[in-house]
Amino acid sequence: MSPPMSPMKPPKGFAPMSCCWSTETMQKWLPFLGWLPDYTWYALKMDFIAGISVGLTVIPQALAYAEVAGLPPQYGLYSAFMGCFVYFFLGTSRDVTLGPTAIMSLLVSFYTFHEPAYAVLLAFLTGCIQLGMGFLRLGLLLDFISCPVIKGFTSAAAIIIGFGQIKNLLGLQHIPRQFFLQVYYTFHNIGETRVGDAVLGLVCMVLLLVLKLMRDHVPPVHPEMPTGVRLSHGLVWTATTARNALVVSFAALVAYSFQVTGYQPFVLTGKTPEGLPDAHIPPFSVTTANGTISFTEMVQGMGAGLVVVPLMGLLESIAVAKSFASQNNYRINSNQELLALGFTNILGSLFSSYPVTGSFGRTAVNAQSGVCTPAGGLMTGALVLLSLDYLTSLFYYIPKSALAAVIIMAVVPLFDTKIVKTLWRVKRLDLLPLCVTFLLCFWEVQYGILAGTLVSVLILLHSVARPKIQVSEGPMLVLQPASGLHFPAIETLREALLSRALETSPPRSVALDCTHICSIDYTVVLGLGELLEDFHKRGATLALIGLQVPVLRVLLSADLKGVLYFCTLEEAEKYLKQEPGTQPYNGSEDSVPEHKIALLKA
């Protein structure tokens, strides 16, 4: 159910700090000040329901994602609550929930060597980097990671994460974590499958699938429905929304039933420390049996993770925020989202959190529950803290196969098969970065993302260096570049002009239509100067038409000799025919039309 109107009012912009903190400035830095004065009892009720729903989802997921990250289960819960509280103050989306995710947990497992100290330090450094990007407004770096690269990465990650849980689903032991070795040893040791784990895991997967299908097909409730029908609808909706908690509780109950009989056919999660860890600064060194590992050595060990983890965290979080903002008709502030995520990771690291980001699945639960403001996260965070205080003794009985089922069912939607058909229909060349990213991610995630991004940038540069040039015949030959003109493209333009105009007999005059050119650089100016000389030597004319003001300003500053520019093609053709009353604009601002002069001086 969705509320008729939310009191959430995200800020329109992100203003720099000033010495005078006005109310508007305060609301931009602390968005909750904008919607809190208008908070209603209706919003409180809906936020409470949404917070409970998300809390029942995040607790079993957090335990499961800690396994993906290669960390003890309690670290998933340590990572699940701080974002709820920080986002209340700093977030600009009413739907987003921050916490552990499958993708981020996978990245953590690659760069932290399954050592909690490394994971906590990575969270701190990730937060610092994200915070710096937010203050410096460097979110634009994410624009260079194209959609095919993201889809290739998430699809590969879904396979890596999903297959990584087969060992827990089947109760296999001593399986390496490197993907290719994992595949080999999983099939090699398939004969050691524990029947109890396999049966329970498959039953949990079936239950999760059935409950999800029920959730997707529950008809909307209407006020005119009888009370009994609405009550039944609420019960079904609650059960299907909290399906992860329901299925994990069922599995734990089954395991406990066997435990009291003295026979245990399942591999259990085991003892989980009670309570929240004491707040402390992240470890900047680690003492092992072989000696002390310094901060510098820890950072060197993380390597590319200090780039990949912050960027992918930002990308995932902002993608989720933008998706639900568009779906629910409100706006977010991307730079403010960076700050919220950065502060979450920094403060979370004080309580042994590993890096977190926005969760698409839990955000969807939040939105479908009718959340009105980020206040819903307060209830989610409170539930996680309560579970750490009072439920950790019960986590002992949760079978690992049940958590594996939760993870597998959570990552299945990440594998996007439709994107291949869409790209084949829209632009087949975009399949190249998708495939490069997808394949190389099985080797190393950072290589996949880097190679895919590089291929995407090369495709972009190719279109810049080889712009399409439309040619029209007439009294003058008209060449119109279909996009901007920058230094890699000057040789393409030269080749087109030489082959179409100067290498013909006799040489032809050309009008270069600059309608689509909004900027040029110094190399282009030099290239145009050389072309003007070539045309002059062969007794032909090169005229520029449709110049935009920024381009005209650059040409005037360069003081090119012999450059002719006209407002329209008709004026250029009249000048070529030497019809009276037509003169080119060249030489200085004195010859430029009055409306252009006004724009130049504006």
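These residue numbers are counts, starting from 1, taken along the chain as shown.
Placement of Cβ uses the backbone N, Cα and C atoms for every residue, glycine included.
As recorded in Swiss-Prot:
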| type | residues | note |
| --- | --- | --- |
| DOMAIN | 466-580 | domain 'STAS' |
| TOPO_DOM | 1-47 | topological domain 'Extracellular' |
| TOPO_DOM | 91-115 | topological domain 'Extracellular' |
| TOPO_DOM | 137-143 | topological domain 'Cytoplasmic' |
| TOPO_DOM | 165-193 | topological domain 'Extracellular' |
| TOPO_DOM | 215-246 | topological domain 'Cytoplasmic' |
| TOPO_DOM | 268-300 | topological domain 'Extracellular' |
| TOPO_DOM | 322-337 | topological domain 'Cytoplasmic' |
| TOPO_DOM | 359-370 | topological domain 'Extracellular' |
| TOPO_DOM | 416-438 | topological domain 'Extracellular' |
| TOPO_DOM | 460-602 | topological domain 'Cytoplasmic' |
| TRANSMEM | 48-68 | transmembrane segment |
| TRANSMEM | 70-90 | transmembrane segment |
| TRANSMEM | 116-136 | transmembrane segment |
| TRANSMEM | 144-164 | transmembrane segment |
| TRANSMEM | 194-214 | transmembrane segment |
| TRANSMEM | 247-267 | transmembrane segment |
| TRANSMEM | 301-321 | transmembrane segment |
| TRANSMEM | 338-358 | transmembrane segment |
| TRANSMEM | 371-391 | transmembrane segment |
| TRANSMEM | 395-415 | transmembrane segment |
| TRANSMEM | 439-459 | transmembrane segment |
For the topological domain 'Extracellular' (268-300), could you work out the same-chain residues 6 or more beyond its ends whose Cβ comes under 8 Å from its Cβ atoms?
63, 72-74, 78, 115, 117-118, 120-121, 123-125, 255, 306, 349-352, 385, 388-389, 392-393, 395-400, 403
Which of 48-68, 70-90, 116-136, 439-459 has the most Cβ pairs closer than 8 Å to the transmembrane segment (371-391)?
48-68
Which one of these stretches, 144-164, 301-321, 395-415, has the most C-beta pairs shorter than 8 Å to the transmembrane segment (48-68)?
395-415
Spatial neighbours of the topological domain 'Extracellular' (91-115) far in sequence, C-beta under 8 Å, 6+ residues away:
6, 8, 10-11, 31, 54, 58, 61-62, 65-66, 68-71, 76, 79-84, 122, 154, 157-158, 160-161, 177, 286, 301-305, 308-309, 312-313, 316-317, 320-321, 324-325, 328, 330-333, 336-337, 340-341, 344, 354-360, 362-363, 366-367, 371-374, 376-377, 380, 407, 410-411, 414, 444-446
Using a Cβ-Cβ cut-off of under 8 Å, list the residues of the same chain that are 6+ residues beyond the ends of the transmembrane segment (395-415) and lie near it.
60-61, 63-65, 67-68, 73, 102-103, 154-155, 157-159, 161-162, 165-166, 168-171, 197-198, 200-202, 204-205, 208-209, 212, 244, 247-248, 251-256, 259, 266-272, 361
Counting Cβ pairs closer than 8 Å to the transmembrane segment (144-164), the top stretch among 116-136, 247-267, 301-321, 338-358, 439-459 is 439-459
If we call contact 3 or more Cβ pairs under 8 Å (sequence gap 6 or more), are the transmembrane segment (70-90) and the transmembrane segment (439-459) touching?
no
What are the helix, strand and coil residue counts for the topological domain 'Cytoplasmic' (137-143) according to DSSP?
5 helix, 0 strand, 2 coil
Ranked first among 116-136, 194-214, 439-459 for CB pairs under 8 angstroms with the transmembrane segment (338-358):
116-136
Secondary structure content of the topological domain 'Extracellular' (416-438), with strand meaning DSSP E or B:
20 helix, 0 strand, 3 coil
